[in-house]
Amino acid sequence: MVFKFPTPPGTQKKAGTTATKPAPKATTKKVATSTGTRSGGVGYRKYQGDALWLPNTTRPEWLDGSLPGDRGFDPLGLSKPSEFVVIGVDENDQNAAKNNKGSVEAIVQATPDEVSSENRLAPYSEVFGLARFRECELIHGRWAMLACLGALVAEATTGVSWVEAGKVELDGASYAGLSLPFSITQLIWIEVILVGGAEFYRNSETNPEKRCYPGGVFDPLKLASEDEERAFRLKTAEIKHARLAMVSFFGYGVQALSTGEGALGSLAKFADGLNNGKGL
């Protein structure tokens, strides 16, 4: 008895043999979708949530995220707006059997930080205010960025660590290998006059935004003068680098206290310790 089976589609018979050709399968191409806005390289997705300084924390109500680099970091509440309690007058009746003390009538919140040009040494009306903290952080961060870069460049070009830079100046002022006809006292006075004059001029500005970002000649390439969104991104990048620079220069100081070396010297000692298997 011989059984015959039906030939499946796509089967070709040749000389008593059977070769099965698989039928093409319909494939569906999946297209990756993203809810974020692509503004970077491959795989980049813009974070849409509220970026905070620590996960699972809540943002203080006085930090609304409108400032560049605002990540809700104020664990001590230093920038919280001041509140004043209005208490009524006590009943000072010496003939009464009992005098009631004044009760709380209202709680008044202080006005936002105001800048006055009358007092150029302390222009802000609120010492512990968000506007003043913001300006101080930005100015200190800019100095820290200059200091970190300046220390590395000076050590690499002169071989003198930033810790010993003051001692070198006592032997005689020089710049780019050229001797300067100034004593250390004269250089201090020149620095005080130039830097102090610049600070007095800056404190004459009553606009808090222009005090931090004057623009004009300080933005010769017009990087942030027209596009507000781009300007905000640049301000955020600046404050991030400023914070890193402040932490870095603090590290410079710790290294100098522990090793007695500058930035490059401490790095060389660290590398030698790793190569010799001594660790830190």
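Placement of Cβ uses the backbone N, Cα and C atoms for every residue, glycine included.
Among the features that Swiss-Prot reports, region 'Disordered' is placed at 1-42.
Residues or ranges marked as N-acetylvaline by Swiss-Prot: VAL2.
Annotation source Swiss-Prot lists phosphothreonine at THR7 (among others).
The phosphothreonine annotation in Swiss-Prot covers THR17 (among others) and is backed by experimental evidence.
Residues or ranges marked as phosphothreonine by Swiss-Prot on the basis of experimental evidence: THR33 (among others).
For the recorded site, SER103 (phosphoserine), the DSSP three-state label reads coil. Residue density at SER103 (phosphoserine): 8 other Cβ atoms are found within 10 A of its Cβ, drawing on all protein chains shown. The phosphoserine annotation in Swiss-Prot covers SER103.
Here HIS140 (chlorophyll a 2 binding site) comes close to ALA242, MET246: these same-chain residues lie at least six apart in sequence, with C-beta atoms under 8 angstroms from its C-beta. Annotated chlorophyll a 2 binding site per Swiss-Prot: HIS140, in sequence order.
Annotated transmembrane segment per Swiss-Prot: 143-163 (among others), in sequence order, evidence recorded as sequence analysis.
Look at Swiss-Prot and you will find 176-196 (among others) tagged as transmembrane segment, backed by sequence analysis.
Sequence annotations record features per position, and here Swiss-Prot assigns chlorophyll b 3 binding site to SER183, GLU199 based on similarity to another entry. According to DSSP, SER183 (chlorophyll b 3 binding site) is assigned to coil rather than to any helix or strand.
In the three-state DSSP assignment, the secondary structure recorded for GLU238 (chlorophyll a 3 binding site) is helix. Taken from Swiss-Prot, the feature chlorophyll a 3 binding site covers GLU238.
Per Swiss-Prot, chlorophyll a 4 binding site is recorded for HIS241. Around the Cβ of HIS241 (chlorophyll a 4 binding site), the same chain contributes GLY141, MET145, each under 8 angstroms and 6 or more positions distant in sequence.
Taken from Swiss-Prot, the feature transmembrane segment applies to 244-264 (among others).
Neighbour density for GLU238 (chlorophyll a 3 binding site): within 10 A of its CB lie 19 other CB atoms from the protein chains shown. Taking the Cα atom of each, GLU238 (chlorophyll a 3 binding site) and SER183 (chlorophyll b 3 binding site) are about 36 angstrom apart. Within the same chain, residues 241-242, 245-246, 248-249, 252, 256, 260-265 sit at least 6 positions outside the transmembrane segment (143-163) and bring their C-beta atoms closer than 8 Å to a C-beta of that stretch.
Across the fold, the C-alpha of SER183 (chlorophyll b 3 binding site) and the C-alpha of SER103 (phosphoserine) stand 65 Å from each other. In the three-state DSSP scheme, GLU199 (chlorophyll b 3 binding site) is classed as helix.
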